[in-house]
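**Q** Below you will find the structure I want to go over with you.
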Amino acid sequence: METLFSGIQPSGIPTIGNYIGALKQFVDVQDDYECFFCIVDQHAITVPQDRLKLRKQIRQLAAIYLATGIDPDKSTLFIQSEVPAHVQAGWMLTTIASIGELERMTQFKDKAQKRADGVPAGLLTYPPLMAADIVIYNTNIVPVGDDQKQHMELTRNLVDRFNSRYNDVLVKPEVRMPKVGGRVMSLQDPTKKMSKSDDNQKNFISLLDEPHVAAKKIKSAVTDSDGIIKFDRENKPGISNLLSIYSGLTNESIKNIESKYEGEGYGKFKGDLSEIVKDFLINFQEKYASFYNSDDLDDILDKGKEKAQKASFKTLKKMEKAMGLGRKR
């Protein structure tokens, strides 16, 4: 069975866009792959974090994974910082990465420009750690969005470089992009991706938003003036985005939804979608609360840590042996 790895930062509550584009799809692949789902808290601290808030968000994200439908009997759910192999392998890959290729990363350049108080070295060395997250589990498949595509290209380059120098030690992962319609955009500016870090609360719906508040956000979402409910990303980005959300939460095809609302106005469509979103959040948040407040969550994370430590150990030792680290045993 092939291995799939995915990591999410505990830097805020995921949105319904994260749910439709990633979390929901993870549930569907649990029977087909050996899955490792990682809460990448060491990536989160590449920018300043409040200690207590970060701890809370780690637990929240774990409960969100489980509320989504991640099954700990099928998949490994764990916290990055509890598996030392990540940073150990990350350092090894950092030594074969060049400053130039790290500085060319678009995310580094974007975040560095916003830091008037100096650029943390962790922002620069983020990609080798991300590569290590992936390779220590002999990962075959990595589902990523467009924003991580460049990092994945670097990961594959680092694997090629390591294998060229030290013989074929690492598995070269393949990238899996989101399904068509899986990319959810901002509600007020549908030309940009929905983001949990957006300053405008009306642009996104958090998985922990009050359901009635989320419904209002749908009703006030940007559309257009022609009143035709049709999927057309280029010419009708607003209504196309709402169709993606409708389809993602109901599993109805966009074509069926278009047919259902043929001749109907945006008011009727938005009203129905707002109820769908509200009902989804009520149900989701009930599951979330049951996991967040349960001791079972810690047991699940403890077991995930043990499985991840065991799975990563073999690859880490191969890397160390290849580079001549430690003692010969």
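Every residue number used here counts from 1 along the chain in the order it is shown.
Cβ atoms are placed via backbone N, Cα and C, with glycine included.
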**Q** Under Swiss-Prot, which of the candidate ranges 10-18, 109-117, 262-270, 298-306 is annotated motif ''HIGH' region'?
**A** 10-18
**Q** Looking at 68-72, 103-107, 193-197, 208-212, which one does Swiss-Prot call motif ''KMSKS' region'?
**A** 193-197
**Q** Would you measure the largest Cα separation among GLN9, PRO10, SER11, GLY17, ASN18, GLY145, ASP146, ASP147, VAL184, LYS193, MET194, SER195, LYS196, SER197 for the ATP site and round it to whole Å?
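**A** Greatest Cα separation within the listed binding residues comes to 20 Å.
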**Q** Note the mean pLDDT of the motif ''KMSKS' region' (193-197), expressed as a whole number.
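**A** PLDDT averaged over the stretch: 91.
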**Q** Through the lens of DSSP with three states only, how would you label ASN18 (ATP binding site)?
**A** helix
**Q** Would you mind checking how many other C-beta atoms are within 10 angstroms of the C-beta on ASN18 (ATP binding site)?
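**A** Summing over all protein chains shown, ASN18 (ATP binding site) has 23 other Cβ atoms within 10 Å.
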**Q** Please report the number of other Cβ atoms within 10 Å of the Cβ of VAL184 (ATP binding site).
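**A** The Cβ of VAL184 (ATP binding site) has 24 Cβ neighbours within 10 Å.
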**Q** Long-range neighbours only, meaning 6 or more apart in sequence with Cβ under 8 Å: which ones does ASP133 (L-tryptophan binding site) have?
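**A** ASP133 (L-tryptophan binding site) has long-range Cβ partners PHE5, GLY7, CYS38, VAL40, GLN80, HIS86, GLY90.
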**Q** If you count Cβ atoms within 10 Å of the Cβ of LYS196 (ATP binding site), leaving out that atom itself, what do you get?
**A** 17
